[in-house]
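Worksheet: one structure, shown below.
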Amino acid sequence: MTAVLLSSSPVPHVIATLHIGFPLFVCDTCGSHPGPSLGQPQPLVISMVMVAVGVYARLMKHAEAALACLAVDPAILLIVVGVLMFLLTFCGCIGSLRENICLLQTFSLCLTIVFLLQLAAGILGFVFSDKARGKVSEIINNAIVHYRDDLDLQNLIDFGQKKFSCCGGISYRDWSQNMYFNCSEDNPSRERCSVPYSCCLPTPNQAVINTMCGQGMQALDYLEASKVIYTNGCIDKLVNWIHSNLFLLGGVALGLAIPQLVGILLSQVLVNQIKDQIKLQLYNQQHRADPWY
């Protein structure tokens, strides 16, 4: 290993040539020069946008329906992820800029933890697929119950049913769990025993959407109802979609994992370079008075 000291400062502004044979440039500003700039400004901006959107959603929107369907309020989740992403990126940026070993090791440790958690989640989801399916079914059923309580939740369910050509969780009769679509005799709703319009089969050249096309569909049997609406549930459709897009999902997972592994590797390389440069400078200071040096 060889190193050339370009400044009288203790560590900054160093170009080190490692034994693996490539130069490593320590940048003066975050992301402005080539080299292992571990904290680019783009993730900082993205994280701040995530926090801003989460705060806006939390302040401007009541999330009772979302909390009833999901384990965590999406706005709170967005804020937490944005803050953690900002802190992690800040450690990488400032650590590489100031060549701070503590911040770089914190950055590397956090990335390692995130990577291991993602890996564990993927393995557990694959091993306990039946429990994961049951949890998805529970979430969908809760969403059906609160369909009319939240406009965004309603639009999300309608989008999913149109996208996957499905209706309900297991079947179209799951919509009886909703108080407005319930088939009981004492239900005064005009939508009694109906399903949302997003369950209806598409009509060619339809200029205006018929929002009452699902009227009374739960009272029909599967064969008769299948002529007007989708009768298959969304859970089976979602599982089939996942099975048919495993390569796509694997590519997304790999695309998320590679930058994390590269960040871990570069942070450790930079930490080792800083330590080697400190040793070299101490060696230079000890032999500065040596006439033969």
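Even glycines carry a Cβ here, placed using N, Cα and C.
Keep in mind that this is a model prediction, so the values were computed, not measured.
The feature disulfide bond is assigned by TrEMBL to Cys166-Cys199, Cys167-Cys183. TrEMBL lists 42-59, 71-97, 103-128, 246-271 with the feature transmembrane segment.
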Inset, instruction - Sort out the sequence-distant neighbours of Cys167 (disulfide bond) for me: same chain, 6+ apart, CB within less than 8 Å of its CB, listed by position. - result: Gln161, Trp175, Val195, Ser198, Cys199, Ile229, Tyr230, Thr231, Asn232, Gly233, Cys234
Inset, instruction - Look at each of the disulfide-bonded residues, Cys166, Cys183, Cys199, and point out the one with the fewest other Cβ atoms around it within 10 Å. - result: Cys183
Inset, instruction - Quick one: pull the CA-CA distance for Cys183 (disulfide bond) versus Cys166 (disulfide bond), whole Å only. - result: 20
Legend entry - When counting Cβ pairs under 8 Å to the transmembrane segment (42-59), the leader among 71-97, 103-128, 246-271: 71-97
